[in-house]
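Undergrad: Quick one: the structure is below, and I'll ask about it shortly.
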Amino acid sequence: MLRWFARRLLLAIPVVWGVVTISFFMMHLAPGDPARTALGEKASNASVAALRHQWGLDQSMPLQYLNYLKQLVHGDLGTSVYYHAPITSLMAQRLPVTIILVVLSAILTMLISVPLASRSATHPNGIAAVAVRLFNAVVQGAPTFFIGAMLILFLGVRIAIFPAGGYPADIGGRAWALVLPALTIALGTVPIMVRGLRAAMIESYGSEYVAFARSKGLPERPIRYGYVLRNAGISGVSILGIQVGALASGALVIEQVFAIPGMGSMLMTGILNRDYALVQACTLVFGLLVVVVYLGTDLAYARLDPRARLS
Amino acid sequence: MTVDSTGEPLIVEGLSLALDIGGVQLNALRDVSFSLRPGEARGLVGESGSGKSLTLRAILGLLPPNARITSGRMVVAGQEFDLTRTDRDHRRRIARLRGAQIAMIFQEPGVALNPVVPVGRQIVDAVARRNGLTKRAAREYALHLMELVGIHDAAAKIDAYPFELSGGLKQRVMIAAAVAGEPQLILCDEPTTALDVTVQKQILSLFTHLRDELHASLLYVTHDLAVVAQLCDSVTVLYSGEVMESSDDLRAVFDGAQHPYTEALLHSTPDVDRIEQRLYSIPGSAASLSDRTDGCQFAPRCEYARDDCRTGSIPDTSGTPGRVVRCLHKVGAPADGVPVGGIDG
Ligand SMILES: Nc1ncnc2c1ncn2[C@@H]1O[C@H](COP(=O)(O)OP(=O)(O)O)[C@@H](O)[C@H]1O
Ligand code: SF4
Ligand SMILES: [Mg+2]
């Protein structure tokens with residue numbers, strides 16, 4: 001188990017390196033000059049050149065790349081020229097918000113999908129099945145930010161049980177403030193999850209092992225939980241693992257809609273202000289997150305499926 | 001267990017079943033009847049596709065969703081069931097039989113066990129729940145059952161997952177799970193077909209052993225008459241969803257098959273004492289569901305067939321109690337004589 005884990009971590013290194021390299025060159029090859037952006041259109045060419053020298057932007061690209069890698073190896077993400085602050089401390093504030101948002105949306109995805117899939121698997125013409133079909137049609141036709149706006153309108157403004165945006169200082173208020181954005185992100189993944197889970201459950205219900213369980217006299221309830229959901233859950237975990245990328249990118253967009261101070265708004269600011277170090281750091285952290293999530297998925301998979309434990 | 005006081009463990013009468021295939025209703029079983037006495041082992045014999053599995057599943061109410069029972073009644077230990085019913089109350093009564101009165105052993109041990117649950121738990125999950133066994137007692141019982149079905153290192157295997165066991169061991173696990181509720185009747189759906197020849201022999205002798213040990217009746221489905229010869233007291237021969245020949249006395253059939261199909265089956269089984277899978281060498285092949293016709297289903301392959309075989313339904317012409325022969329021109333009957341029992345129209 002430990003060796004398996006170590007091997008997976010080693011395999012992640014080239015992935016992370018690739019993400020770092022691509023983000024570095026994408027930023028540096030894109031048009032625009034961070035020094036010029038920082039000083040404004042009216043600044044003299046001399047002062048811009050001086051700032052470029054101070055930030056090391058006058059060095060050759062390969063040299064800048066090597067310096068950047070050296071810095072990363074030492075655990076230093078650099079300094080944000082926009083925020084005038086070390087990026088590590090910016091991350092410490094922003095990253096937890098986004099992680100909580102993504103985790104919350106993953107939990108909501110499962111809380112909504114499992115009962116819906118389960119009900120529509122056993123009652124293919126029931127209310128749940130019809131609701132799922134309708135819901136799929138709506139969600140697939142509308143982009144996430146639109147659904148977010150609608151949720152703000154109804155739950156945030158009309159009924160006003162949730163805040164329509166912003167991020168209060170107290171913990172309780174923060175948790176409450178994250179529910180609506182998390183729900184918005186989750187709604188984008190629910191249709192995919194419901195479809196996958198329902199198909200897996202229908203297959204399981206028609207399987208020989210369920211017929212044999214019934215022939216032993218096992219009641220439907222333990223068959224549903226111990227046999228059908230237990231087996232369909234394996235598909236559920238892999239779908240969730242794949243969808244975490246979608247959840248994370250959903251978080252980036254939705255943070256803007258709900259004015260949540262997470263990674264998304266920071267990344268946006270960084271891109272608009274040509275803050276190379278900040279954008280690269282954000283990309284790197286996202287890359288790391290995805291690697292961690294895939295590892296977590298594999299661990300969960302191995303817990304659920306004994307056949308996967310061997311390899 | 002006092003099977004005698006509760007009467008026949010199973011009577012099936014006039015079971016007919018239709019399958020919905022692409023919106024078309026096709027008859028998969030027609031007027032199937034048989035019964036078992038306490039402790040009896042009956043062989044249900046027929047080629048692949050003759051409706052053996054559907055018959056067993058109809059008894060336990062485990063039919064596929066596109067199957068519909070169009071007629072038939074069943075008596076299990078004195079309880080009557082109208083098999084055409086589909087209401088909740090009926091389904092509950094059938095469900096109560098499962099595991100406790102009637103258990104079933106499936107053909108493919110590889111797919112009939114839950115892949116993600118240890119085998120020990122699958123052996124006792126249903127019975128532990130029914131009888132309110134503690135975790136510890138359930139585990140003890142699972143170990144006991146595993147030993148009963150000849151798993152020698154039960155303690156080492158009890159926490160194994162199905163994929164970690166061989167086909168033969170998985171089949172033993174399934175047998176252990178089936179006998180866990182001490183059913184009066186065990187339905188066996190070709191329990192050795194998916195196994196190696198040597199393992200087949202072991203599982204067959206396990207059945208012989210369990211019959212004596214548990215005093216349960218067996219309804220043993222197979223396509224192999226040699227297996228029937230070794231294990232059973234009586235036999236029912238199925239062809240294209242219909243009973244061709246049936247006898248409460250197995251020897252009577254082996255010594256003098258009266259139905260041409262049974263005769264052909266016996267001829268294609270060169271040595272009934274050898275237990276081995278073999279292909280039938282009856283000319284032609286079994287009719288598919290959509291090819292079923294009026295008259296005798298076996299007519300296209302029957303060397304005794306005449307014009308009158310191809311119309312109407314073929315009556316029982318045996319004339320002997322405990323025996324059914326659905327044939328107009330039985331083996332050994334005079335070539336143009338009137339069939340025993342007589343028919344009209
Ligand atoms: N769910 C189903 N849908 C369509 N056809 C089926 C289904 N189940 C069984 N059949 C058909 O019904 C016939 C009898 O099946 P079965 O009882 O499994 O035969 P046996 O067990 O004797 O091999 C076969 O022709 C089979 O293809
Ligand atoms: S009824 Fe006719 S066709 Fe059918 S088995 Fe008898 S002789 Fe053959
Ligand atoms: Mg079968």
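Cβ atoms here come from the backbone N, Cα and C positions, even for glycine.
Feature list, courtesy of TrEMBL:
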DOMAIN    A:95-297  domain 'ABC transmembrane type-1'
TRANSMEM  A:9-30  transmembrane segment
TRANSMEM  A:95-118  transmembrane segment
TRANSMEM  A:130-155  transmembrane segment
TRANSMEM  A:175-194  transmembrane segment
TRANSMEM  A:234-258  transmembrane segment
TRANSMEM  A:278-301  transmembrane segment
Undergrad: Short question: most Cβ pairs under 8 Å with the transmembrane segment (A:175-194), which of A:95-118, A:234-258, A:278-301?
TA: A:95-118
Undergrad: Which residues of the chain, 6 or more past the ends of the transmembrane segment (A:234-258), have a CB below 8 A from one of its CBs?
TA: 98, 101-102, 105-106, 109-110, 113-114, 144-145, 148-149, 152, 164-166, 177, 180-181, 184-186, 188-189, 192-193, 196-197, 199-200, 264-265, 267-268, 286, 289-290, 293-294, 296-298, 300-301, 304-305
Undergrad: Taking a Cβ cut-off under 8 Å, which residues six or more beyond the ends of the transmembrane segment (A:130-155) line up next to it in the same chain?
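TA: For the transmembrane segment (A:130-155), the far contacts come to 116-117, 120, 161-162, 164-165, 180-181, 183-185, 187-188, 190-191, 194-195, 198, 250, 253-254, 256-258.
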Undergrad: Apart from its near flanks, which chain residues at least 6 from the ends of the transmembrane segment (A:9-30) lie with a Cβ under 8 angstroms of it?
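TA: Counting only partners 6 or more residues beyond its ends, the transmembrane segment (A:9-30) has Cβ contacts under 8 Å with 61, 64-65, 68-69, 72, 276, 279-280, 283-284, 286-288, 291, 295.
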